[in-house]
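Heads up, the thing below is written out as structure tokens.
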């Protein structure tokens, strides 16, 4: 059976049963049907004691797929089986990848969160609420221009964009306000995909409703004609925007195929945002379980770095262990093997491609957190390839655990779970910080480029230098850095596989995200509104007369 067939044939427990198992009072459980619920954490008396936190990351993604979410879910099931108290905290899927190329984000095989089709399609409406809130703010800005422009906003400086939760390249560059003086002030604008909206980052970093509203009010929307910054608070609409997110801020509860409680909430991409699920979701799981397994988007150079340098300080809890997911076939691809040949034994390509995993291992060890590698097993992997990879990893002084979560779920992940339990009990002391937030913007960027990516230097466009000067002048240079970079390579060139070194990173622009609390550094050709591929996944999705969905993955 494929993923959706496995999901549809699963025996799900009522969500109230899952909530009780997780220790939630029935009064805070707000069901969305039989198998989904919102958790009203603001009505819950919080447990101040936090469990162990396990961060799952991976090597750079390849067309072959790494199975990071699959390993995350399988590990969560195995930990729950072994300890009786584990939860999973994941991001919500975006409709863009579901209908585009990447597919959903619920794991695979017998290591899935369910109901898979509901989660991948609309879920509890969080993405729509974020889209509505984002576009309401955009409409209010343009209405302010139309109604006399009391704040003297320079339309050419407006940085707040409209958004849509679908890949639509035709909306990357648009002109609005056409049709005469009753149709608004004409100006150029752009659409982003919803998960790239600053509101998504804010939702995922907010500690509560008060913090949410304060962060929204801090959003920089434009400059006035005197060059002074204009914020949402100047429009007096922060409360209205926060109101539209009053339900979206509540974490969502579902279950795995193994009936492990899973909280799915928030979904920023790691290549254009910080790539982590919400602080509220992670903290809720930590308060209710001995072990919380969470993941960060794309490879460790993006998602894990941002988890550790952006999310962890807000969360107030560092990971107790890090799992790096790798596959034999993805490393062979990094070693020069062709996509069509990845099922053929090629130890030489594996050894060449290992440098990609090796750099990720060294990067994670830099933070002084225990690390292990999960070798996500595929049927095409040969014994010689697996044994070779295990020896290479163990030469780094860490463990390598072969995992078969797709085919066996939690049962195929118990060795990994036992290793994680042992690592999480190791007292390593405080996490080592990568950089000092109070350092110069250029120094922080260069530190990431040199220490994490393996580059040698950074080149800035005139626009990027202008933004740095603006940040310094306004006292915004103390914010952490959120790199927007290709997920396929350590460099800003997606074709440079393996572990490129001594390259120059090209910074095109810097987006100032005061509400989220970081600076987005735009590199290479990263797009905040993706396009659909020649054969989008939507072509294979269908529904029959009984409401059964096919083609989701």
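Using N, Cα and C of the backbone, Cβ positions are placed for all residues, glycine too.
According to Swiss-Prot:
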type    : residues                       : note
BINDING : 62, 63, 64, 65, 66, 67, 68, 69 : ATP binding site
Exercise. Just name the winner among 63, 65, 67 (the binding-site residues) by count of other CB atoms within 10 A of its CB.
Key: 67
Practice problem: Mind checking which of 62, 69 has the fewest other CB atoms within 10 A of its CB? They're the binding-site residues. | Solution: 62
Quiz item: Are there residues of the same chain, six or more positions away from residue 64 (ATP binding site), whose CB falls under 8 angstroms from its CB, and which are they?
Solution: 327, 329, 330, 333, 339, 342
Quiz prompt | Nonlocal neighbours by CB distance (under 8 Å) for residue 68 (ATP binding site), same chain, sequence gap 6 or more | solution = 56, 57, 58, 295, 325
Quiz prompt | Residues that sit under 8 angstroms from residue 66 (ATP binding site) by C-beta distance, when 6+ apart in the chain | solution = 58, 59, 325, 326, 327, 330, 376
